Amino acid sequence: MPQLAIAKDFLQTYAALDKKLRKGVDDALDKFADTFYAGGHLEKLESACDPRWRTLRINLNHRGIVLAPENGDLYLLVTVLPHNEAYRYIRNRRPSVNQVLGVLEFRDESAMHAVSNALAPTVGDSGGALFAGVPDKHFTQLGIDEETLRIARLLPDESHLDSYGQSLPKPQHDALTALASGMTPDEAWTQISRDLVEKVEPGTVDPDDLATAIRRSPDQAVFVEGPEELRELLDHPFDVWRTFLHPRQVRIARKKQYSGPVMVTGGAGTGKTVTALHRIAHLTERYVDTGTGTDGDSDQLSLPLEQDTAPKAQTRAPEKPILFTTFTKTLDAALQAQVNLLVPDEERRRLVDVRNIDKIAYQVVRKAHGKPDMKFANALAPRWDAHAAGLDVSGRFLLEEWEHVVLAQDLRTEREYMEAGRRGRGRANRLGEQQKRQVWAAILAATQEMREHNQWIFTSLAAEAADLLERTGERLYRHIVVDESQDLHPAKWRLVRALVDEGPDDLFIAGDPHQRIYDHHVSMARVGVNVRGRSHRLTVSYRSTQEILNWAVGVLGTAPVEGFDGVRSTLQDYGSPLHGRRPVLRGHGSAEEELDELVRTVEGWLRDGVEPDAIGIAARSDALVRKARSALTEAGIETCALAENSGVRVGTMHSMKGLEFRCVAVVSVGAEHLPDLAHVTDASEDAVAHAHDLQRERNLLFVACTRARDSLHVSYSGEPSPFLPRASHY
Ligand SMILES: Nc1ncnc2c1ncn2[C@@H]1O[C@H](COP(=O)(O)OP(=O)(O)OP(=O)(O)O)[C@@H](O)[C@H]1O
């Protein structure tokens with residue numbers, strides 16, 4: 001029975017077509033679907049360089065390109081092109097199966113021919129020097145075929161190899177790049193084979209078996225179950241992440257079972273959230289009745305926190321739901337929307353509960369103690385001042401000591417408190433023994449008072465919820481997937497741990513220490529989460545261009561970054577296949593001039609057709625956000641908060657976390673505002689805390705800048721922030 005597959009390029013070219021043309025493609029595909037098994041409506045051309053190429057007539061001017069092996073067992077929709085380009089494409093482009101990796105590859109034969117012709121005359125001078133002395137067998141071992149080898153032998157240097165990247169089959173170009181960088185053949189093999197979704201036995205690759213090659217190339221082409229699934233994909237052509245994953249993402253997300261918690265790290269935009277979403281989809285598949293009968297275990301799924309809305313699943317449902325959680329409530333809606341897109345099947349979707357961790361804590365505590373009275377630190381400080389009276393510290397100091405030492409380390413006794421470490425707690429490190437005892441007593445008294453009034457901050461709420469669950473042994477979820485984990489306070493980690501039984505597939509955690517914007521360094525071991533042997537790192541950014549990444553990584557500085565569990569985290573290999581304009585950095589004489597420039601920049605983006613809600617503006621503080629917003633509003637540009645989409649979206653750098661925009665302007669990045677010294681411990685008080693705080697401010701700027709897909713504009717007035725590279729003034 002023939003199979004239908006779709007190439008990533010097809011979906012991307014389809015997304016770029018205008019509405020009328022898309023409709024033409026839809027009609028042509030419908031007709032094709034009617035005669036799918038007979039391969040009707042496809043045209044075979046003599047001029048094609050491979051006998052398997054076919055074209056599909058869309059209209060007078062456009063053709064779909066289809067790969068259809070002679071035995072009729074597969075149709076791969078490759079791309080859509082204007083008539084002439086389509087014919088040029090199939091005249092020059094040859095599909096093949098990489099002989100050692102077994103993955104799908106395409107080569108541009110005419111471009112390769114041109115490269116050979118251009119290089120051949122230079123051989124004999126310095127030509128051919130790049131791989132001089134490398135025996136042919138090393139190339140063969142790495143899947144480099146004769147045609148590519150002929151070119152490799154002509155290459156004078158690495159820059160020539162780089163510039164021919166588009167012409168050579170990609171897996172072979174990767175292998176040559178690895179060899180050219182000085183790797184031994186074994187090292188190069190480790191590099192190019194590390195992402196294979198399927199291990200290939202040497203000598204077993206069938207060069208004609210495109211179907212198997214597609215299975216091994218999930219980032220390039222995937223099978224669709226039939227016309228309905230194809231329709232589903234075409235309805236969301238911009239969401240390529242739903243279908244095409246990097247092989248490493250596939251391996252992580254679709255692994256049958258993990259024996260315990262698993263951690264996925266990676267720089268901004270490397271697809272951690274996408275991988276987490278696919279893990280969720282994968283987990284739900286386990287419990288769905290595929291129509292072949294259930295195993296009789298059809299407990300109804302009930303969300304334990306909202307009994308009244310318990311959905312009625314007709315599946316082999318887990319006895320408890322799957323939780324997808326983060327620390328920010330603003331992300332709930334976006335994550336739920338992504339789950340809805342990825343898991344269109346309602347029965348499977350009902351197994352998933354998207355809920356931020358504070359909300360869960362609230363519901364657990366409410367069940368035990370009645371409606372919690374939530375307080376922010378600002379509101380509590382005056383009451384805590386009373387407890388600090390006579391202690392030579394402020395109420396705010398006590399509150400911070402409570403949150404960042406007592407709750408963070410789960411300290412229960414005076415003795416534990418006296419012995420606790422206080423890294424980064426500045427002044428607290430210098431408290432004398434007697435003073436510490438007094439501080440402990442004051443914290444106890446203040447927290448006792450808060451308990452009596454059922455008053456909580458979100459951190460103490462999480463700690464209480466974790467305690468309650470530990471005490472009863474009740475576990476509310478079957479599996480938990482955590483995103484943006486780098487900013488979870490240890491008390492919230494303890495809550496996560498207490499929500500699910502330890503065991504296979506209990507926790508799937510995604511995070512990036514380079515985006516840590518709150519001061520929560522967590523010892524995973526102390527919160528009972530052991531990911532040893534189960535951590536993975538993603539390195540390909542699918543969001544920002546390489547130009548934006550290069551710039552943004554620069555603002556992080558050079559200080560080593562502490563990863564989870566104190567292990568140093570690195571951005572090695574972090575990069576993007578996307579290229580575009582370099583970020584713009586502008587300095588101005590005054591804040592007014594800067595805002596005028598912001599207005600002009602945003603007007604330019606809008607004129608270029610960028611949707612208003614695909615533009616994000618960020619600043620360090622609420623006050624600066626208000627200024628930027630009113631400048632835009634005065635200029636007649638509709639604006640809204642980051643969580644909305646009724647105009648250009650404006651917010652603080654903190655709230656940019658997890659979001660994504662086509663164009664981003666980060667404003668007021670002057671020395672006056674960044675670092676925000678109100679949030680930086682004085683170096684004379686605690687040098688370590690000072691360095692941490694500065695790094696956190698750098699991370700904030702990094703987070704804001706890496707929200708940009710295509711364009712990034714950074715500006716300041718007066719002196720530039722010390723985190724910025726040198727600016728071009730005007
Ligand atoms: N395999 C893929 N193919 C194409 N696009 C992808 C792929 N994986 C992720 N993306 C896209 O890349 C962008 C970033 O993905 P995602 O939000 O998952 O990254 P992240 O690592 O969680 O980022 P951050 O840490 O900055 O929040 C999104 O637009 C997503 O749709």
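The backbone N, Cα and C atoms fix where each Cβ goes, and this holds for glycine too.
Per TrEMBL, ATP binding site is recorded for G266, G267, A268, G269, T270, G271, K272, T273. Cβ neighbours of G267 (ATP binding site) (same chain, under 8 Å, six or more residues apart in sequence): D512, H514, L538, T539, S541, L549, V553, L571, Y574, T706.
Per TrEMBL, domain 'UvrD-like helicase ATP-binding' is recorded for 245-545.
Within the same chain, residues at least six positions away from K272 (ATP binding site) with a Cβ under 8 Å of its Cβ are V264, T265, G266, D483, A510, G511, D512, L538. Here the binding-site residues are T270, T273, and the one whose Cβ sees the fewest other Cβ atoms within 10 Å is T273. Excluding the listed site residues G266, G267, A268, G269, T270, G271, K272, T273, the same chain places D512, L538, S541, Y542, R543 with Cβ atoms within 8 Å of the centre of the ATP site Cβ atoms. For the recorded site, G266 (ATP binding site), the DSSP three-state label reads strand.
Taken in sequence order, the binding-site residues G267, G269, T270, K272, T273 that lie near ligand 1, meaning a CB under 6 Å from one of its atoms, are G269, T270, K272, T273. The Cβ of A268 (ATP binding site) has 25 neighbouring Cβ atoms from other residues within 10 Å, across all protein chains displayed. Mean pLDDT, taken over the domain 'UvrD-like helicase ATP-binding' (245-545), works out to 85 on the 0 to 100 scale.
Cβ neighbour count for G266 (ATP binding site): 24 (other Cβ atoms within 10 Å of its Cβ, all protein chains included).
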